[in-house]
Amino acid sequence: MSSSRSRLALVVNSGSSSIKFGVFEMRTNASTLQVEASLACGGLVGRIGSEAEVKFSVGESTFQSSGEDIPDHAAGLARILGVIEDKVGSLEAVEVVGHRIVHGGPDFKRATVIDGGVEAAIEETAPLAPLHNPAGLLGVRVAKAKLPHAPHVAVFDTAFHVKSMSPEAYRYAVPRQLYELGVRRYGFHGTSYAYIARALPDVKNMIIFHLGNGASCCAVSRGECVETSMGLTPLEGLMMGTRCGDLDCGVVSYACRELGKTPAEVDSMLNKQSGLLGVSGVSSDMRAVREAAEAGNADAKLAREMYAERVRKYLGAYMVKLGGHVDAIVFTAGVGENDAGLREMVCRGLEPMGISLDPVKNRGRRREGDIRDVSTPFSRTKVLVAPTNEESMIAVEATEVAGVMADAIAAAKAARVARTMLPSLPRSPTRPPSLPPPPPKRRHVIGSLGRAVYVDGVGPTAAEELGLLSQVTATAPRIGYFRPFCDADDRKLLTMRTVFQLTSSSIDAMRGMSASEATAMLAAGREDECMDVVISKFVDYARDKDFVLVSRGHLGAIGDPHWTAKVAGALGLPVVYVLHEPRDDDKEIVLRAKDALDQRRVRLAGVVATTRDEEAARNTLENMGVFPAALLPPDERFSQITMAEIAATLEARVAFGHADLASSTMRGVIVATRHVAECIDTLRKLPPGQLVVTHAARADLVHSLVLAHQTIDYFPPIAGLLLSGTDGAATEHHLDASPDDAAQLAKTLDLLSCVPSTVRVPPILCVSESTYEAANAVHEMTPVMLPSSTAKIEAAQLLFETYLDPDFRDALADLRHDAAIVTPRMFQHHLFAKARAAPQRIVLPEGEDRRVVMAAGQLISRKVCDVTILGNPETVKALASEARVDVDGARIVDTHGEPPPPELVKALVDARKHKGMTYDVAAGLLRDDANYYGTMLLHLGLADGMVSGACHSTASTMRPALQIIKMAPGFSIVSSVFFMLLADGVKVFGDCAINVSPSAVELAQIAAASALTARAFGIDPRIAMLSYATGDSNKGDLIDKVRDATRLARDLAPDDLFEGPIQFDAAVDPAVAAVKYNGEQNPVAGVANVCIFPTLDAGNSAYKAVQQASKCIAIGPVMQGLKKPVNDLSRGCTVSDIVNTVAVTCLQSLQAKKK
C-alpha cells in the first residue's frame, strides 16, 4: 500500500448525549484496488449538556478528562475537531465525513452522499429508530456546518440487509396496512457484516454471528445478505445483553393487562431489563455472567445455555436457508471473538452436520486483527473467529461513495497494468506432461466486456463455457449462467448450475423458453414477441449478478452466425466464438461469423480455438482483425466418454460400480452375442476400455467377464457392461426376458453383491431397450460434460487458467455496468418494463382515428398504461371491432355528446381569464377541441400525460399545453428530441420538430433538456453540439452560435459532457474523431449519443435521412420543457409509433413526479 499524502476520513456516530468519532487514514491496496482504512485517532465526547467527559486515543497514547463545559453537539464536534487538528493534522486533510445512521428504511440500500433530500428521508424514518435517527441527523447537520468543504455520507446499519433480502425473508405475516407503515424486517449491524464479507471475499456461503451486548446473525451468500435475525427493531432474534430476542408478541398485551403497565413500560422491560440481565439477575455483560456461572450460579448458567441455544437454532435455520452449502461459520464482536467457552457450547455435537471445532485452537491466543480458523481439518464447514471494525467500514464506504480516492485507485490500476507488461513468471497451476507450455503473451488493447458475454461456436462448447466462467469467479462473486432457448432438463444448464452452485435461482429463471415454444412462435411470425420474452427473463435474471455467461440456444444450425448475431444483438452482448477442433475451413467460419455480427453491430470480443499450431492460428486471427482470446492445445479428455456419461445419457439403472462411473472411460464398443470363449478371445485382442453390450439374459457372459476382469495381465480391463432388455424402472432385477433368464440374472447380481470389496467388479448398467437399440444409442453418443465429469472439468479450468490471454482476462474482470451499448431492443424492453411497473393515466384525444384505437388496444393488452380515449363511444368501439382489438379496459369520454364537467370549464376560465376567457367560450373549446379537453384533464391531475397529433398539426396539439400546462422551472422554451434506435446503439437527436432557428441561449437550453431526457431513459449523455465545422477549423455566425451555446450549456449542466462545435461524423465515428482531434482524447468526440442540431432544418432533415437510410425505429418527437408531458405525433405515424410515444410519455410522467 502506498499514499502520497495523508488523506483522512472522519467517522461520526452521534447519540442523544454523546458523539463517538474516529479519524482514519485512507489508502489504496495496490493488489486488490480497494480502499483501506487505518485508525489515526478515535474517541468520544460524552454527557453533552452536563459535565461532559472527553476520551480519545492516538496510537498508544490516551487522553481522558471530565467536567468540561460542552453545552451542545456543536461544541462537542468543535472539541473533536480541535483534537484532530492538534493530534493528527489540518482539517483540510479530512476529505470525507461518514455518519453512522442506524435506520435507512426500505429505500436506502447503500451508503449515500447527504443532501437535503437525504436529510429529509432520515427524518422521515425517525419513527423506526426514535432514539437513534434524530440524534444521527443532529450530528449530520452540526458536522456539515463545521466541515462544509468535505462531502458527508450516510452509512446505514440497515442497508446491507435491505439491498438484497427477498420479500419472503423481510415480510411479516401481518395485514398490508401494517406493512405500508413500514412494518417489515430491516436488520442491523450491517456495517459489521459488510466488513466481514469484505475480509472474507473467497468464502461463498457463510453464517456470521455478531455477538456483543447487542447480538444478531446473518446468512450471507456471495457477499450479500440472504436473511438476518433482527427485524423492525433490534429487539428480534438472538438473546442479548438486555434485550429478550425472539418472543411471543402476545407477551406485550399480557404484561400490560396483568402488571398494569403501559406499552412503553413493557417495551422498556423487553429492551433494557431482559436478555442476560433478566435471566441471570447478575449483569448484561457476558463476562460477569460467565464468572457467576462458573461460581455455581444456576440462573447465570441457564442464561448462557439459553444464549447458546438461540444461536444454535438460528445456525440450523440458516444452514437450510443456504441450501446446506455453508463454507464457514464466523463468530465476531465482543462475545463472539473472546468467549471460547460459548463457541464450544454452540458447536457441541454438530459433527454430523460437518461442523467440528478444535478445542485447542479454539482456546488458543489470538493476535490482534487476525482471522483464526478454529475448526479441525475434518470440518467441512470452517469455524472462524474474525474481528470486526464497523467504524473502519463506515470510513471505507463513505470514501468509496464520495469518490475521493478515485484518483488513487486509477493510479494503482495503471501501475498494475504497467507491471503486467513486463516479463512475468509462468502461472502456477501444475500442467500435465502432455500439455505444451503456454506461448509468450502479446499485449493487446481490449475494452471491458461488461457484465455478460454470449458464447457460440462450431461443435460442443461446454468445456469452453466452463473454462471461461471459472476465470471470472475471482472478480465476480455473483456469477450466473443463462440459456435463451432450452428445456428445463437441459444437460448443459444443469451441469453448470451444479458445478458453480448456481442454486439461488430456479432453473426456469436461468432460461428464456423451451426450444419448442420458440420454434412455434417463430413459425407463427412472432419473432419480436419471442425475443421480448428472452430479453425480459435475461434482464430479470442478470439484475443481481456480477457476471452472466449466456450460452447459445438450441435453435437454427449449431454455430449459425446470423442467429448468433440476432440473439446477442437483442441482448446487447459481445460474442465469444468457439472453434472446438482444428478444421481446414476455420478461417472461412470466422469470417462468416465476423460479417454476420458486424451487420448487426454486435461485437466479436474474441475467438477461443483449439489448434495444434498456436503461432499460425494467432497470426491468422489477428490478420482478420479478430482477437485470439484463448488458443488451446488439443486435449483428448474432452473427446472421451465415461460410464457416468453413458448412464446419464441412456437414463440407465446402475446395478454395480457407482464409485467407478466417473473414472471409467469407454474407448470402444463391442456387442457380445456369441459364446463366452469367443467374446473373451475377441476382447483380449482389443485395447482396454471396451464397453460390452449384451442381453440381460446372458448371465453366463456377465459372470465370466467379471472373473476375467480380475486378471489384468491376461485380460485388458473393460470400461463396463451394458445389459439390454431389462426393465429400467424395476428395482429387483425384473427383466423382459423369460422367467428362467430373469431368475438366473437375479442370482448372478445377488452373487456379485456379496463379493468382497477387493474384487474388482466393473460398472454394470441396465436399460430396457434391445441390444441393437442400446448399442446404436452408445455409437451415436457425443462426448458430454456432466457434474460427475471431474477430469473434464479440471482440464477445462486448467486450460483456461494457463492459456487465456491476459488482456482478455482483464477485460472479463472489468465489470463495468455501462460497458455495453444501449441496444434498440433493450431500450424498448426497459421502456415498456418501466411503464408497466407504475402504470400512468394517458389521454388520447384522437379517439376516432383508427390508428389511435388500434394503439389503445395494444397498450391495454400489454398493460402499459391506463388509457382515456376522447371520442364518440360507438365510433371508437366500431373501429376497435373492425381492427379486432379490445378497448373495454379504456375510459371513453364523449366530448361532443356530453357537456364538459363544470370543474373543467371553471379551471380553463381561471387559467385563461387574463386573456378574457368566459365560461361559455371555455365550454365551447372543451366541447369542440379534444386537445383542450385532454390538456385540462392533465392540468387537473385527472391524467398523467397526453399524446396527440395523428390527425392534428403540431400547433393544435401544443397550443393548449403551452397556454395551460406551461413551462417547467428553469426552461423558457419547449423543444423536442427523437430517440433513434440504431443498430449500434440508441442516439438522441434534437431539436427536430419545434424550434426553427434557436438562439445560442435557446440552443443551450435544448441541449441541457435533451441531456436530462436521455438520462431519464437510461442513457448516460455525451452531448455533441453539431455544426458544419469541428473546433476552430472554420468561422461563421452559425459556428459562433454553436460555440456560445456549448459554453452556456456547460454552465446550465456542469456535470454533463458537451463538445462543440463538432461535425456529425466526428461526433459518432471514433476513427474520424481521432483524425479531427489529432489523436487527442475527448470524452464526447466519436462516442456522442446526444446530437443537438443548430436549426430545425438541419435536425428534421437529419433524423428523416438517418431513419430512411438505416431503416431504424425513430421514437418521437418527444417534447421537453413542459411541467407535465404532452407529446406530438407525426400525422404519418404508425400504430407502433403511437404505442412507443405513449410508453415514452409514461416515463416522462414518472420523471416529472420525482421533481
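In case you wondered, yes, glycine gets a Cβ from its N, Cα and C as well.
Per TrEMBL, the stretch carrying the note region 'Disordered' among 362-381, 422-441 is 422-441. Note: the CA-CA distance between Asp157 (active site, proton donor/acceptor) and Arg100 (substrate binding site) rounds to 7 Å. Among the listed recorded positions, namely Arg100, Asp157, the Cβ with the most fellow Cβ atoms inside 10 Å is that of Asp157. In the three-state DSSP assignment, the secondary structure recorded for Arg100 (substrate binding site) is strand.
Counting residues per DSSP class in helix, strand and coil order gives 51 helix, 26 strand, 59 coil for the domain 'DRTGG' (645-780). Classification of Asp157 (active site, proton donor/acceptor) by DSSP places it in coil, neither helical nor stranded.
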